[in-house]
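Participant: From TrEMBL, here are the annotated features:
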- A:Ala43, A:Gly44, A:Ala45, A:Gly46, A:Ser47, A:Gly48, A:Lys49, A:Thr50: ATP binding site (BINDING)
- A:22-302: domain 'UvrD-like helicase ATP-binding' (DOMAIN)
- A:303-577: domain 'UvrD-like helicase C-terminal' (DOMAIN)
Amino acid sequence: MPTFVLQNDGEKPPHSEPPFLTDVNDAQKKAVLHTDGPLLIIAGAGSGKTRVLTYRIANLLYQKKAWPNQILALTFTNKAAREMQERIVDLIGEKANRIWMGTFHSIFSRILRFEAEHLGYTRDFSIYDTVDTDRVIKSILQELGFNTREVKPQAVRFIISNAKNQLISPEAFKNKFVQSSLDDIAAQVYERYIARCRQNNAMDFDDLLIKPIELFEHHPEILQKYQNHFRYILIDEYQDTNHAQYRATQLLAAGHQNICVVGDDSQSIYSFRGADISNILNFKEDYPDSAQIPLEQNYRSTKSILQCADSVIRQNTSRLDKTLWTQNDRGEIITVLENYDERDEANRIVRSIEDLKMREHLSFRDFAVLYRTNYQSRVLEDAFRRRGVPYQLVGGISFYQRKEIKDVTAYLRLLVNPHDDESLLRVINEPARGVGEKTITNLQQIARKHNKSLWDTIGDVESTGIYKPAIGRIRDFVDILERTGKKLTDTGLTDTVRFLLDETGYVKQFVEEHSHDSLMRRQNVMELLNAISYFEKSSNTPSLSAFLQEISLVTDLDAHDTDDPAVTLMTVHGSKGLEFPVVFITGLEEDLFPIGGRSGEDVDIEEERRLFYVAITRAEKRLYFSYAKNRFRFGEQVDMNRSRFLDEVDPSVVRTETGATIRQTGSPGMAGRSGKSGTYISYDQSNYDGNAGAGSDFHSESYDSAAPADDGGGMGVEYDQNTGEIIWRSGMAVIHKKFGPGKIVQCQGQGDDARLTVFFKNVGQKKLVARLAQLKVIG
DNA sequence: TTAATCGTACTTTTT
DNA sequence: GTACGATTAA
């Protein structure tokens, strides 16, 4: 049970400001010192969000508003949680380790362990990742007689996962949400899938978010316990919360109402996982008494980089109003690298890095190469290896998703949770011991008939009447596990696992086979053994079940080592929250970034644009865009068109390597056609001289004055040469008599007849006809 | 009934 | 490149 400590009501909180509050600006300070009541912090990229969050928690403790373990801080990655925790420890000492700080999944699974019995689970439940889930779904599909080549388990998983995150039950889904034949199939699978998980005493990633809601709604007394306990709740990256996360935290916060959420709608990049932007957009409605503090000063990037980022993101229509600015230098111009193909691209990048490192006395750790899809990493790795430049690949196929690791952990899961049929199926013939497909289906049928788990069924294989030669082999399997289980109670964790590996001959199969592949696999298993050994020594609860829980929720992203003097290679998604002096964004091609929709599915171009925005804003000093004209895809060379995003970028801050500007022929707001036709590179060799406002603080409102066709001096308003009508542009700052200052988000037509969508600081977004609105252009 | 070999379709992002 | 499935040999 968690320790529930009463608040220290008697003690008087200190009235002075905390001593650590020296290096913050006014907005940050306001956010830190705000303690009670709901608070929304809109934190633009690089605006010192983590600092505010850590100071805010430290202040709550300093002001004696709560004990450390009465604070709940939720993040999306373990790494973010760990970093924040470390920083708070630096501020207020070791007691910060008692804060409930972690990812939604890890914190909720912790609560679920405590309360498992209330949900009909035991505290040793297994956690299924997507690989496990796909296997379960596949087997259900096969049972239902579907061809799993035509009906892809992943597609079904996707539909089910969406339904779960929307808190739609199988019954409700069947009645209301079936719109296609695939939906119909998913509806059939959904119910069985839930039943199967329950029988296996297993929860998938979605369950970790949903089950707490079920728990709270069915057991008000338990909800109340947690409501009372968590006096302050903080949520990072609120724009990425899905409906389930929203609902769960809403329930928890309902008591004290001390909920502080931090987010940036411009960085919402997880809608494919059910993230719902409206959670952050509607925070004000959910909590009418909430305060709202925007953090708009950027401390990370140069003016050029920020200008570039803003020129991209303002092409999106739906966003909260905010204006990022910085006092940093204008910095270097952004460089576009055009390449023949992906190998050319990779080599060019590696050479640029070596070059820049020498010239600017940088370390390899100052560089990051970002890409849209994981498979792009392969060519890059090749190039880095060939030139001997150290690199660190982050993400990709997670260590814990590798086949050999999943096999070993399936054995371990089975020890802790014998009713986990999925894990049993995974290893009953691994390594091959003569228990094949036929035997397994027979066993499953028998188990179903007696309504028993597979483990219970094979406990008495002799009486099952299955294929005779298999009986002895299964007996061996059961024996090994039973002896391993005994070993676990007698000796330590590491020894037990070593014993298991010996008995099963799992490692031996790799030793005997002398391929490169098997060597790698063996090394990976040894790596796992190391991890177990380390866990056993360092954890204060060194149980097998604790270890399994921990590894099921870590990702390779968490392994990113910022001290390692190596270039970081990762996806744009993985880079969120990080910063690097030099960033390369690669593969800027149509159908890659922005990604192309697969078979009929349409892509959310605004989300892709936000993704591009996230990538740009990772850069501190220098930024490179690169694309290839040809790329090897699906086993063949394909002609690629450069990304439309390159056409949307403010041309005044970007140059090709030769110093040419990149320009677009269409109007800036009209992106959408594929790249090549609408663009050209003009080879004017004029040096980059910044724009008219260079030297003054950079504001996004001044962007359009830097547009190529402009004189650069005046108000930046353009008029049609024939009619003399004003040409409206998105991004223009205007003033309305009634609504006050605002910014044009979208425009259609010119002159008085134009229809404009304007975002006003005070009243929000409005649609106007120019003639009636009487807008005054201010920049 | 099981194991090994060969051929084929597919690559978005992650807790 | 690779991870499945189908096909074949034992």
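Quick reminder: no glycine exception, Cβ is built from N, Cα and C everywhere.
These figures come from a predicted structure and were not determined experimentally.
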Participant: Which residues, in sequence order, are found in the same chain with Cβ within 8 Å of the centroid defined by the Cβ atoms of A:Ala43, A:Gly44, A:Ala45, A:Gly46, A:Ser47, A:Gly48, A:Lys49, A:Thr50 at the ATP site, excluding those residues themselves?
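Facilitator: Leaving out the recorded residues gives A:Val52, A:Asp264, A:Leu295, A:Asn298, A:Tyr299, A:Arg300.
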Participant: Highest Cβ count within 10 Å among the binding-site residues A:Gly44, A:Gly46, A:Gly48: which residue is it?
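Facilitator: Going through A:Gly44, A:Gly46, A:Gly48 one by one, the largest Cβ count within 10 Å is at A:Gly44.
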Participant: Quick one, of the binding-site residues A:Ser47, A:Thr50, which Cβ has the fewest other Cβ within 10 Å?
Facilitator: A:Thr50
Participant: Count the Cβ atoms, other than its own, that fall within 10 Å of the Cβ of A:Lys49 (ATP binding site), considering every protein chain shown.
Facilitator: 22
Participant: Per-residue pLDDT averaged over the domain 'UvrD-like helicase ATP-binding' (A:22-302) comes to what?
Facilitator: 92
Participant: Under a criterion of Cβ-Cβ distance under 8 Å and sequence separation of at least 6, what residues of the same chain contact A:Ala43 (ATP binding site)?
Facilitator: A:Lys49, A:Val52, A:Val262, A:Gly263, A:Asp264, A:Pro294, A:Leu295
Participant: Starting from the Cβ of A:Ala45 (ATP binding site), draw a 10 Å sphere and report how many other Cβ atoms land inside it.
Facilitator: 25
Participant: According to DSSP, does A:Ala43 (ATP binding site) fall in a helix, a strand, or coil?
Facilitator: strand
